[in-house]
Amino acid sequence: MNYQRLEKLGEGTYAHVYKGQNRVTGEIVALKVIRIDADEGTPSTAIREISLMKELRHPNIMSLSDVLQTENKLMLVFEYMEKDLKKYMDTYGNQGALPPSQVKNFTQQLLKGISFCHENRVLHRDLKPQNLLINSRGELKLADFGLARSIGIPVNTFSNEVVTLWYRAPDVLLGSRVYSTSIDIWSVGCIMAEMATGRPLFAGSNNEDQLLKIFRLLGTPTEQSWPGISLLPEYKPTFPIYKAQDLAYLFPTFDPLGLDLLRRMLRLQPELRTTGQDALQHAWFLTA
């Protein structure tokens, strides 16, 4: 084995992640060690992650440099990144909140990475601060493609058990099983808002609570504002009626252009949400 483990960085449902070193070159890397179950074989999440990450080469996507397999373990070798965005905010933020220039910089990098995924017909489906990694040069990269999916033509019927609850789009929460790149854009909007305040935008405790938190801020949708919403499995005609709040009041650090982009990403109706490419062309990124 050409790599030695230096320290444990974390663990997930099916893998442990270590800081490691290439014994030959001395390069510091991240090692994701996946247990292979004797009965079940390699987890489908690992197979998906490997196949997608081998194809997705971009400065804002974590690069997978090697895959090594033994009888009961699979080891993925990634470039080493110092912190995830959550830890970065906790370390350098003012009570977690980052300065406006940094929010803009990280939002732009995040949009570049996710737009590249979307151009290559891949949905990430699990964007959250813990899955965005930052290195010592301030480069932000998308990681953890274990839930990612290729977009089929026509749109596949995907499972609605995706994306950590707080970053989950309202259409997914309402049980829609036909969705596209717009679910990732919703997550980007939630992350952009969280970077500005240091707090998750919608920290719901369950599916319905999550929806009501969204409606409290953005207004309760109706059949008029979102045609077809009443047909979604989790829609209830008894949802409380909330009026949309003024985002400028909640996000005093955003200028009008920043607020405009945030609103475009957080449109309740998925078809009305901006795309990654359009978001990158937004005037907010053209101002200092």
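Every residue, even glycine, has its Cβ placed from backbone N, Cα and C.
Feature annotation from Swiss-Prot assigns domain 'Protein kinase' to 3-285; the stated evidence is sequence analysis.
Per Swiss-Prot, the feature ATP binding site maps to LEU9, GLY10, GLU11, GLY12, THR13, TYR14, ALA15, HIS16, VAL17, LYS32. Long-range C-beta contacts of ALA15 (ATP binding site), restricted to its own chain and to partners at least six residues apart, with a cutoff below 8 Å, comprise LYS32, VAL33, ILE34, ARG35, ALA46.
Feature annotation from Swiss-Prot assigns phosphothreonine to THR13.
DSSP classifies TYR14 (phosphotyrosine) as coil under the three-state reduction. The Cβ of TYR14 (phosphotyrosine) lies under 8 Å from the Cβ of ILE34, ARG35, PRO43, THR45, ALA46, GLY146, each of these being in the same chain and 6 or more residues away along the sequence. As annotated by Swiss-Prot, phosphotyrosine applies to TYR14, with the evidence given as similarity to another entry.
Positions annotated as active site, proton acceptor by Swiss-Prot: ASP126.
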Cα-Cα distance linking ASP126 (active site, proton acceptor) and LEU9 (ATP binding site), given in Å to the nearest integer
20
Three-state secondary structure, LEU9 (ATP binding site) (per DSSP)
strand
Chain-internal residues, separated by at least six, CB under 8 A from GLU11 (ATP binding site)
VAL17
All-chain count of other Cβ atoms within 10 Å of ASP126 (active site, proton acceptor)
21
